[in-house]
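Below: the structure, in structure tokens.
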Amino acid sequence: MSTPARTPRRSGIRGGETASGWLFTAPMIILLGLFLVIPVLMALWVSFSDWNGRGSPFGGTVSFVGLDNYSALVGGGGLAEQDFGTALRNNAWYVLLVVPIQTMLSLLLAVLVNRQILRGRGFFRTAFYFPSVTSSVAITVLWLFLFSASGAVNKLLAFIGVNGPNWFNDPSGVLHNLLGAFGVETGPAALTGNTFLGISFWEWLAGPSVAMSAFILMAVFTTSGTFMLLFIAALQNLSGDVVEAAMMDGANGWQRFWRVTLPQLRPTLFTVLTLGLIGAWQVFDQIYTGTQGGPGKTTLTPAYLSYQAAFTNQAWGQGAAIAFILFVIIVVFTLLQRWLLAERGVSARRMRPYLPIPTSGGSK
Amino acid sequence: MSSTVKTRERTVSPSRRLRALSREQLPNRQVAGRSLLYAILIVLAAIYIAPFLIQVATSFKTDGDAASNPMSLLPQTWSTAAYERLFLNSDFPVWFQNSAIVTVFVTLGRVFFNSLAGYALARLHFRGRNVIFALLIAVMSVPGVVLLIPKFLVINQLGIYDTYVAMIVPLLTDAAGVFIMKNFFESIPASVEEQARIDGAGTFRVFWSIVLPMARPALVTIIILSFQGSWNELSHFIVATQSPELTTLTKGVASLASGQLSQGTQYPLKLAAAAIMTIPVAVMFFIFQKRIMNTTDGAVKE
């Protein structure tokens with residue numbers, strides 16, 4: 001099999017590398033195959049089957065049901081579709097708020113902490129990063145206490161004269177509440193009458209529930225530190241020359257940040273947005289520990305719904321189908337974002353001011 | 001602002017006093033800006049730290065005190081009832097022990113297997129290397145939550161459900177760690193190991209006694225990430241075990257949160273449990289603080 005011409009020449013200090021190469025990587029390959037590749041293939045089969053958790057999913061009693069599990073979720077008209085739609089709605093609002101807020105906050109923290117004149121940088125970095133090392137379970141327990149009806153957050157709100165909500169027991173949507181404050185209690189018939197994935201458009205536009213908002217704040221609290229570190233590292237890798245040049249050209253601090261520093265941070269921004277997006281679509285631990293999808297299913301997420309369908313309701317095919325749809329959603333969003341943030345060529349018209357001016361000097 | 005200073009200088013340039021004045025004004029402005037920066041940072045830091053202070057304070061309160069004074073940082077009467085209950089009258093020590101066992105084995109295993117595979121991918125020339133590497137990248141992109149049901153299926157099929165093996169071995173899969181090790185090995189010069197090879201050392205010998213000791217910075221990164229990852233892991237243990245003897249801290253404290261073991265809210269008990277479970281990762285964090293603050297960029301680099 002091996003090419004005869006090359007092998008003898010290789011047998012110096014590179015002798016036997018093929019064998020040891022495979023030997024060294026074998027444990028990892030076996031582990032990844034056994035606990036990642038094979039399981040995914042098994043789950044793919046389960047998502048096309050009617051396995052109910054009894055016996056082996058590959059036994060004779062289990063039959064192939066085609067796309068039944070998937071179609072029940074995206075067009076079945078039943079409870080499964082409604083729950084899936086609700087979970088997607090909840091998680092979509094969560095992503096829509098968490099990803100931009102945590103990205104902006106972590107960038108702000110990085111810029112503030114990275115100031116040369118600042119003393120006690122280490123202290124501030126530690127303070128902002130610490131929530132990131134603690135487990136999601138511990139933070140959720142803490143959050144349940146802080147955001148309880150008579151908890152610290154509501155005490156703080158009462159201090160400034162605001163009557164805080166009963167956070168984790170309040171299923172009302174934030175946007176609906178906002179509209180309610182202006183007297184809009186029910187939506188137009190066009191929105192309430194038509195449905196998508198089993199829930200009306202008016203419900204899609206409810207915004208995150210008050211309970212979900214508490215989880216949104218928690219996500220921002222726990223992840224901003226990690227992303228702050230990524231931004232700090234990127235800021236420190238930037239060379240000062242470009243900023244200095246901009247300074248000589250008379251750009252003020254604000255312009256320097258938006259026109260000079262931020263464009264150079266694009267790769268890090270991409271990393272942070274991608275990691276944020278992938279993480280925000282996978283909300284599970286918090287829901288399992290804190291609310292189990294309640295109140296009123298407004299903190300249900302696809303990840304938790306998938307777990308619940310399989311492990312609690314024994315609807316394994318459906319649970320697996322939800323997991324695969326979630327997988328596709330994450331991949332699509334990542335690709336979409338990659339496309340949106342891609343480095344595009346600058347058009348000739350926009351490039352013109354930057355081209356070398358033919359006459360030297362005096363043109364201004 | 002700077003333009004006004006300039007014009008003033010230009011118009012009354014002979015007067016030295018005025019020039020001195022304008023020079024004094026600049027530091028004033030800087031002082032104001034600096035104070036604002038500190039004010040913003042201190043407020044933000046307070047928001048980030050306060051929850052943890054409240055957590056620790058509340059764990060030493062009585063139930064009534066915790067309910068009526070949720071914000072105070074000093075208990076009215078100091079009470080260690082929550083800790084006594086946890087350590088003497090609950091499964092908490094078992095949970096702690098299980099988390100410790102899993103964390104130690106996962107961390108050791110990952111250090112060994114990641115560096116082994118990372119070394120091979122970085123240094124050894126063999127057929128199929130690029131294919132393995134491509135697979136590794138593909139595997140890294142599979143989101144963890146999607147794997148809950150698949151992992152249960154394979155654990156069940158292998159007949160290891162509800163064992164330590166099921167808790168530990170699947171967590172050894174760490175494509176990102178292999179990636180980190182590979183990147184590190186590529187960054188160190190090959191001349192040292194080549195010298196040893198010429199002296200007749202075998203591949204494993206070179207790896208074990210020459211390359212691995214040089215890889216300490218990257219190994220520390222792996223240790224930090226796997227320690228934190230396996231100590232804080234929840235979802236894998238939910239699908240891999242069910243018996244109370246194999247409950248880990250994350251799973252146990254999550255069950256506490258949803259009301260087991262307690263009547264009423266019992267916040268001091270829950271917060272004490274959450275605080276204790278934070279201690280090991282906090283200690284780890286403070287030991288390796290310098291490295292964490294400097295290496296995360298290398299670790300998650302695209």
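In case you wondered, yes, glycine gets a Cβ from its N, Cα and C as well.
Among the features that TrEMBL reports, transmembrane segment is placed at B:36-54, B:95-119, B:131-152, B:164-185, B:206-227, B:271-288. Here TrEMBL flags B:96-288 as domain 'ABC transmembrane type-1'.
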Tertiary contacts of the transmembrane segment (B:164-185), as residues 6+ beyond its ends and Cβ separation under 8 Å:
98, 101-102, 105-106, 109-110, 113-115, 117-119, 121-123, 133, 136-137, 139-140, 151, 154-155, 211, 215, 217-218, 221-222, 225-226, 229-230, 233, 236-237, 240-241, 246, 248, 298-299, 301
What residues in the same chain, six or more past the boundaries of the transmembrane segment (B:131-152), come closer than 8 Å to it by Cβ-Cβ distance?
121, 161, 170, 175-176, 178-179, 182, 235-236, 238-240
Residues sitting near the transmembrane segment (B:206-227): Cβ under 8 Å, six or more positions beyond its termini, same chain?
103, 106-107, 110-111, 114-116, 119, 123, 174, 176-177, 180-181, 183-185, 188, 192-193, 196-197, 280-281, 284, 288, 291-292, 295, 298-299
